[in-house]
Ligand SMILES: Nc1ncnc2c1ncn2[C@@H]1O[C@H](COP(=O)(O)OP(=O)(O)OP(=O)(O)O)[C@@H](O)[C@H]1O
Ligand SMILES: [Mg+2]
């Protein structure tokens with residue numbers, strides 16, 4: 001069963017309704033080990049809704065949801081985390097009043113001691129947090145600093161470092177580089193590569209077609225809650241992909257108006 | 001190239017962008033700073049104005065007893081507030097739990113241990129009801145528990161009349177509880193042997209006949225201290241404590257990060273109900289009776305003590321030790337005024353003023369911690 005080709009996560013005809021709003025209207029996609037699947041699409045296409053459903057935040061309205069070959073329902077994000085699926089949410093899911101360390105290990109606290117003396121291993125947690133942040137290219141001043149005092153990009157890096165640290169099978173990144181500087185962005189792309197090479201599956205959402213092309217193996221394009229298509233890297237050019245991402249609108253006209261800069 | 005790399009490695013331990021945090025700044029980050037300041041202020045005030053007997057052993061026990069009764073509630077309330085919710089029903093809960101506990105003892109005539117068990121079970125039920133309504137409806141806990149403030153107070157009145165045959169007071173608990181091994185845990189003074197020994201060695205004040213003026217530490221004060229320490233340990237060092245901060249800080253982010261939000265909130269509401277029940281048991285056994293006005297307005301005093309202790313009204317930040325200190329401030333002011341020539345009715349003015357100062361102070365602290373711009 002656990003052959004190399006068994007998809008880590010597969011959805012078929014997934015739909016998600018919020019009251020009368022149809023956010024997802026029949027999505028099918030597959031994530032395999034050792035590959036980066038890029039989810040692309042316009043604003044409001046349903047990318048975040050899709051990954052929120054994969055991460056257990058929402059329950060699908062209908063459709064098949066298969067994890068490791070078995071039909072599954074996640075009732076909460078905790079279930080998804082237990083199944084080895086870690087997510088960097090578009091809104092980051094950080095608590096501003098809590099320290100970097102406490103945010104990093106929120107919901108996955110390391111413990112020492114036993115019985116009534118079981119307690120959080122703060123030293124270990126601080127060390128790991130500092131280390132992981134250093135790896136991603138951020139020297140945090142003090143792991144006990146409140147996350148609310150970090151810059152937007154630093155905060156995004158905490159969320160990414162956390163997901164990479166805890167992701168065991170699948171790593172989901174929802175526009176992880178939207179606030180990052182050049183160095184940190186290349187670091188994140190390098191991370192995505194590393195994580196893939198270590199055998200995980202990665203779902204990577206971005207609006208930057210160059211970033212997608214740099215790390216992606218396959219590209220699934222969403223439009224208005226539906227899958228527009230899935231393309232292998234060799235089978236599509238960067239320009240074709242960009243046009244698909246824009247929902248098929250011809251970008252050439254706009255590009256010409258702006259002097260060919262996009 | 002290698003020079004740059006070396007430089008980078010050396011730089012990691014100490015960051016040049018970090019000013020050496022002085023002891024003062026580290027202290028300023030602690031939520032209980034305001035409560036410590038308040039306690040110092042109040043102590044100095046009474047040292048200057050009150051009869052010196054206020055700060056003898058007997059005087060300290062005098063103000064610590066009401067501080068403890070309030071403090072047990074305040075510590076529970078502070079945990080719940082850090083978790084982002086309020087419980088306005090705890091005052092009425094003290095009365096209702098007193099009724100259930102008292103009725104079990106004198107009407108059903110069960111042993112003390114069984115009566116306590118019944119009271120605990122009832123507290124768990126009320127905590128679950130409160131929490132499930134708040135969680136399922138998504139209504140503010142403020143309004144849901146306000147409803148229970150009235151419901152429980154009303155049930156207490158009705159129940160008291162039923163249990164006592166028409167009165168609003170129920171008596172006879174002391175006699176009913178006498179002889180149980182649990183009595184000494186929930187009533188009377190602890191460490192009486194130690195205090196007698198201290199008195200016989202002239203280490204504490206004694207009466208002419210040789211018995212100590214203070215026969216021991218009232219058990220409620222010990223309960224208060226133990227509960228405050230336990231709550232602090234839970235908050236700062238356990239997984240559940242981390243979850244309390246997370247849930248109060250941002251419920252959605254906490255859930256997305258794998259925190260079982262529903263479970264945390266349910267447990268917190270049960271804890272406040274249990275704290276109220278403990279106060280009910282302690283006061284009922286102390287007085288030997290219970291009446292409909294028990295715990296009146298204690299929910300507000302508990303919340304004020306928690307706020308003086310550094311809890312933010314918006315949740316996600318605060319401390320149990322702060323609530324502990326805030327309650328002592330309360331007890332000192334309430335009892336301390338009787339040691340002065342000041343009209344006691346200033347108590348309420350003082351209370352309101354204290355709350356206002358604390359809230360403004362906490363607001364500044366929050367901005368400092370979150371770097372809010
Ligand atoms: N909780 C909700 N209730 C109602 N409608 C929702 C909800 N969440 C999402 N939607 C709707 O579903 C659609 C898809 O939203 P989604 O956030 O998935 O888009 P997206 O592809 O991630 O866009 P972006 O690139 O801007 O992040 C939007 O039209 C949005 O308004
Ligand atoms: Mg999105």
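Quick reminder: no glycine exception, Cβ is built from N, Cα and C everywhere.
The feature transmembrane segment is assigned by TrEMBL to B:33-51 (among others).
TrEMBL lists B:63-82 (among others) with the feature transmembrane segment.
Summarising the annotation, TrEMBL assigns transmembrane segment to B:88-108 (among others). Beyond the ends of the transmembrane segment (B:88-108), by six or more residues, the same chain brings 73, 76-77, 114-116, 118-119, 122-123, 126, 130, 142, 145-146, 148-153, 155-156, 159-160, 163, 170-173, 176-177, 272-273, 275-277, 279-281, 283-284, 289-300, 302 to within a C-beta distance below 8 angstroms of the stretch.
If you look up TrEMBL, you'll see B:115-135 (among others) marked as transmembrane segment.
The transmembrane segment annotation in TrEMBL covers B:141-163 (among others).
Note on the transmembrane segment (B:216-236): residues 61, 64-65, 67-69, 71-72, 75-76, 78-79, 82, 184-192, 194-195, 244-245, 275, 278, 282, 286, 319-321, 323-324, 327 of its chain, located 6 or more positions outside it, place their CB under 8 angstroms from a CB of the stretch. Per TrEMBL, the feature transmembrane segment maps to B:216-236 (among others).
The transmembrane segment annotation in TrEMBL covers B:266-285 (among others). Sequence-remote contacts of a segment are chain residues at least 6 beyond its ends whose Cβ falls under 8 Å from one of its Cβ atoms, and for the transmembrane segment (B:266-285) they are 69, 72-73, 75-77, 79-80, 83, 85, 87, 90-91, 93-98, 101-102, 116, 119-120, 122-124, 126-128, 130-132, 134-135, 173-174, 177, 183, 186-187, 219-220, 223, 227, 240, 244, 294-295, 298.
When Cβ-Cβ distances below 8 Å are used as the criterion, the transmembrane segment (B:306-334) is approached by residues 30-36, 38-39, 42-43, 46, 63-68, 70-71, 74-75, 77-79, 81-85, 224-225, 228, 231-232, 234-235, 245, 248-250, 347, 350-351, 354-355, 358-359, 362, 365-366, 369 of the same chain, each at least six residues removed from its ends. The transmembrane segment annotation in TrEMBL covers B:306-334 (among others).
If you look up TrEMBL, you'll see B:346-365 (among others) marked as transmembrane segment. Residues of the same chain lying 6 or more positions beyond the ends of the transmembrane segment (B:346-365) and with a Cβ under 8 Å from any Cβ of it are 28, 31, 33-34, 38, 301, 304, 307-308, 310-313, 326, 329-330, 333-334, 337.
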